[in-house]
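Following: one structure in structure tokens, then a few remarks.
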């Protein structure tokens, strides 16, 4: 069979490059379009070059030789991408036409809506224009969820301080304030007290002015205020060590939802995720309720052909509360870990759906559990405040070393990999915690409880050597 050609809009996020490009190139010819060259790391650029039959970079972002250099690491691109949505759509269509591509995909949430419009214009399978807009604007997303038959929650659009005051009066506290257009929990804030609510709103509103997003990202209001979803851990888990929410990965094919795998989580730092354990140890009844909620949510958004990453709060009486869903792959190493545990390559599966629809080899339900658990974990400065190695009052520090001591792993849990920020790395604690991962590690074991306990022990006992000054 002749290999089909797929256009990849290359940028940050989703399935990590170290898996995506090799997996995709095994079955498909890849053309990579890079709309934001400054958002591509050196290692990402090398993989793009290695596995693509052609690479197209937006010429407007090259003014000097320095612009051809790629950073070693990047979490969020802070340079301006000032092209309006229609211009981005035109560029995608132009590159797609040039190579007569059979499908278009991206791992970056910020380009989902322009990509959907390009797919429609070209007659290619995609998420769907209205569905992509629903999924990218959290106000529209919540409205779609509330219509879809999942748990309905109070919410209000917020643009101004007056809007926020009105939301406080209607919803009360605790209240969640979310930017409608970002990802990775950036800017998500829990408002607990009426007395400090306005100050919190002003702080977040001011901080978000420093978070650059492409001009093509559009929204009707910059914030959504939502009723807080209260978790009820003991109604779902029989043992400690996990969190009161999960994520479920799935695939939409011709408007139908196909669940793939559920990830358990370890307790968060605020709204910053700390670890994902694949697969979930929840019982069959719990998994069924989660799948039902995810199906209603993603089909309720109107999604047609795409990957889905859906986050669900585990509430009282086993009610599944929809946090949000995105028409893209999960980040971190969640997609590679599905392949490690189950042998299913979701990168290839998505491209199969985009090229062949329901002729793809779609799962008949959640993948069956293998006798293996894999955990994808990060350490943050807050962990070292909690274990006493950083004073609470520190606002910045310089890393000298981070180490995991011997004897902290439980059962047959193995430390598969560990990486830490280089000596000399400066860390600014005034940033949202999500920006400040300072170490990452992967664990593998035959017992999920042992893996979860090993994560906890590492969080409590990892050794940080750092330089800092305390305010007088």
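Along the chain as shown, residues are numbered 1 onward.
Quick reminder: no glycine exception, Cβ is built from N, Cα and C everywhere.
Counting Cβ atoms from all protein chains shown, residue 182 (Mg(2+) 1 binding site) has 20 others lying within 10 Å of its own Cβ. Feature annotation from Swiss-Prot assigns Mg(2+) 1 binding site to 109, 182, 324.
The ATP binding site annotation in Swiss-Prot covers 138, 178, 184, 185, 226, 227, 228, 229, 268, and the record cites similarity to another entry as its basis. Taking all protein chains in view, 22 other C-beta atoms sit within 10 angstroms of the C-beta of residue 226 (ATP binding site).
Under the heading substrate binding site, Swiss-Prot lists 273, 309, 310, 311, 328, 329, 330, 331, citing similarity to another entry as support. Around residue 331 (substrate binding site), taking its Cβ as the centre, 21 other Cβ atoms fall within 10 Å, counting all chains.
Over all protein chains present, the Cβ of residue 324 (Mg(2+) 1 binding site) has 20 other Cβ atoms lying within 10 Å. Residues or ranges marked as Mg(2+) 2 binding site by Swiss-Prot: 311, 324.
The domain 'ATP-grasp' annotation in Swiss-Prot covers 142-355.
When Cβ neighbours within 10 Å are tallied across all protein chains shown, the highest count among the binding-site residues 109, 311 belongs to 109. Cα-Cα distances to residue 329 (substrate binding site) place none of the binding-site residues 138, 182, 226, 228, 268 within 10 Å. Other than the site residues 273, 309, 310, 311, 328, 329, 330, 331, same-chain residues with C-beta atoms no more than 8 angstroms from the centre of those residues' C-beta atoms, the substrate site, are 14, 247, 249, 326, 334. One residue stands out among the binding-site residues 268, 310 for having the most other Cβ atoms within 10 Å of its Cβ: 310. Residue 273 (substrate binding site) counts 26 other C-beta atoms within 10 Å of its own C-beta, drawing on all protein chains shown.
Among the listed binding-site residues, namely 138, 328, the Cβ with the most fellow Cβ atoms inside 10 Å is that of 328. Within the model, the domain 'ATP-grasp' (142-355) shows a mean pLDDT value of 92, rounded to a whole number.
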